[in-house]
Amino acid sequence: MKLNEIADNEGSRKKRTRVGRGIGSGKGKQSGRGGKGQTARSGVRIKGFEGGQMPLHRRLPKRGFNNIFRVELSEVNLDRLQDAIDAKKLDASATINAEALVKSGVLRRAKGGVRLLGRGELKSKVAIEVHGATKSAIEAVEKAGGSVKILAPKKDEGEAKAS
């Protein structure tokens, strides 16, 4: 095999169809776009239109709703906590709460509160204050000799002003 003998596989580089180049090309005049009108112009795609067939988003039933009172909790796993303690970002002797987690960089923000999840292993004895925790997370913390305190959900600033 020589460098000047290397060639592409047959059909790997397909020739581009040049449209609008005369009636003899088979793609002249309307260039395969049908007649005139909106769809013959460039940059036109009617979102969700399926050629008159009932579109999928109308064939399927409506379902659910968006709860405006939904509280999104930031999630943190036990292994992330242990890594932060090992790296001396978190003080295991002090109470670990949302503020401490944000300050140490474990979480970026804890707007609605913090939920503790049970992935990983916790070796340090810690006191944790969170807004939610899984059973496995609570068991793992208590097994390591620590404690978990579940706080009441955070109130919105708007709700606090109203009352």
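Even glycines carry a Cβ here, placed using N, Cα and C.
According to Swiss-Prot:
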COMPBIAS  21-37  compositional bias 'Gly residues'
REGION    1-43  region 'Disordered'
Could you pull out which residues elsewhere in the chain have a CB under 8 Å from any CB of the compositional bias 'Gly residues' (21-37), counting only those six or more residues past its ends? none
Secondary structure split (DSSP) over the compositional bias 'Gly residues' (21-37) reads 3 helix, 0 strand, 14 coil
